[in-house]
């Protein structure tokens, strides 16, 4: 009975915030409903249920009038004319509007609400009555645009999004009598309130409770929040409370950050145009001419003396030299071109700086399918598959934070094996950690071998920072400063400075220094998905502690690796046992505070996530030691290794299913799983890489080394940076509340994935590739 009263209270509250679409165009609605007897019986029953419960909610006259309005608007037998029904509906609605106006005066006056907002709100409520008699529609359009409770409340559908565009289209003109008589005008303002619910069986935390209201633009966010809570208090709906109110800004003011970012983007676009023109004129055109001349000379020579050549010898392709350093593992290396007139390295420094922005040359490198010998080709497939898995996991995570039926969907999804792939998408990050540690170790040790152990460690760190940071900062700058000027939508938050993410207003420096996971920022660190970049950079920073002893004294290197392994296993065991964290993060979805604590303590902490990275480091060390040798393994060893890797991967992905739906793990088993699951996953991935590279991968190696992955693999870093931004924009600009089901997840996932790769091409060509080219121009490598 308590929840039925509460649900009725929500319907009553919508009388103040705006009674729905049934108040518009009665003739059309009645004509339609007269043809639907099933709907008629359903609404008739609903009206009786509402009337039977009215006396339990409130004794205020407004509620009784509203109840009459519901009773009159129910479907009557066909012997009552539409005109009679319309007349009764109008009379009841006029009475309810008058009662609402009296209630609003008693509610608003004496509270800390701006006088203009108060006058416009009173006029808004009063003009609902005038709409029916005078034909002015603005008040009813505002009421119609306000969100209203719908079906599925018991399933957790507590997002009432309303009609964003209808609210923004409202222009109201009226003659004010409060506080003084004068002509007034206001526009519709769309605001979204975040509210909490304290009512069993509806979860208190972890789900999305949003209510959109259309109010005059003279009201501030503070006014809107106060008005909404006063309405709740007036109707004695104590189970619900608005916590925040965010109003959409119609004309967003230009901020210094936005001006700076748009200017920077404009300058880069200008440099790309200039660089492309110079590249084509000074390099590409001479190259095309030389190629054409050679082709014509060859044709003439062949036509002149072809009879004197009994055999035409094939032209052997020149295999360029590949050094076993970092560049030998990069998919961005291209064969050195034949020297021609206008070659880039013969141009002046200024011209070469401009040509670093050439979209022609950068696109040629980006879309090149060729890979130099010595490249670990199977990594390309692993990169692409892993980033797509990341997008899938974040798609569902985003829907969990934005959908209006999370509770109902989660209860069913957690019981299905198919959904375990989504829940455990976090292991995709461990695949990246394995590849990162492997590549760093393999490349650095090979370089140290060439230089007899000498490494410019300052350049070691500077190169890494310059490789990652420029495109990272530019992408986040566009996200934080420019999005409000490019898109608009119901759930698009807007603030003064760092408009898209209020966590970034004071916490942005953590991202710049790659320490946002180490500092407990309040309320949160900037860009929640960027934690991986910080952790990977921190692993890179401490890697010399492993690389130096592994090269000079391998036994000492083994000891250091063991100490790191102990740290990364003992620490999560202690944290799980002492703080009672469960195995797997799905158990924490309904407990945001504990989820946040576990996030900082375990999920994004370097000392708990280093296990898979260490597996990569040791795999890279082994591959370095056997680099010039032929690795031979017995067939039984190969079969056993592959079988073990497959079993481990399946158990990790699907092994927690029964614990999610059953009693759960013991604390000891949860500690063991948290400490060793990611290390086990890393070992399985390392086996795949090692065997594929040394000829024991079979069809799996052929698939992972497929050349189609090559250009896509070059985009994975940018895809990681932008995919959550795209999900945010897609969700925030949606005109309807998001509802979770399998097909909606698949649809959003495919859209996000394709959009991410498409936009990544643009960002890579305009921001990432020029940065890499500039580093080669300004910091050229010394030739050995």
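FYI, residue positions are counted from 1 along the chain as it appears here.
Using N, Cα and C of the backbone, Cβ positions are placed for all residues, glycine too.
Automatic prediction, not curation, is the source of TrEMBL annotations.
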Per TrEMBL record, range annotated transmembrane segment [choices 350-373, 422-445]: 422-445
Contact set, same chain, for the transmembrane segment (529-551): CB under 8 Å, 6 or more residues outside the stretch: 394, 429, 432-433, 436-437, 440-441, 444-445, 448-449, 453, 457, 460-461, 464, 468, 472, 476, 510-511, 514-518, 557, 559-561, 564, 604-606, 609-610, 613, 617, 621, 720-721, 724
Most Cβ pairs under 8 Å with the transmembrane segment (750-774), selected from 389-410, 465-487, 602-624, 717-738: 717-738
Same-chain residues at least 6 beyond the ends of the transmembrane segment (465-487) whose Cβ lies under 8 Å from its Cβ atoms: 249, 252, 255, 257-258, 260-262, 264-265, 494, 498-501, 504, 508, 511-512, 526-527, 530, 533, 537, 717-718, 721-722, 725, 729, 732-733, 763-764, 767-768, 771-772, 775
DSSP residue counts for the domain 'Nose resistant-to-fluoxetine protein N-terminal' (114-245), split into helix, strand and coil: 50 helix, 39 strand, 43 coil
Stretch with greatest number of CB pairs under 8 Å, the transmembrane segment (422-445) reference, 636-656, 676-696, 717-738 candidates: 676-696
Cβ contacts under 8 Å made by the transmembrane segment (717-738) with residues that lie 6+ beyond its boundaries: 157, 159-161, 163-165, 387, 390-391, 394-395, 398-399, 402-404, 468, 471-472, 475-476, 479, 483, 487-493, 500, 527-530, 532, 744, 748, 751-753, 755-757, 759-760, 763-764, 768
Folded-back contacts onto the transmembrane segment (602-624), same chain, C-beta under 8 angstroms, at least six residues removed: 426, 430-431, 433-442, 445-446, 449, 517-518, 531, 534-536, 538-539, 543, 546, 550, 554, 557, 561, 564-565, 567-569, 571-572, 575-576, 581, 585, 674, 676, 678-679, 681-683, 685-686, 689-690, 693
Segment-level pLDDT (mean, integer) for the domain 'Nose resistant-to-fluoxetine protein N-terminal' (114-245): 81
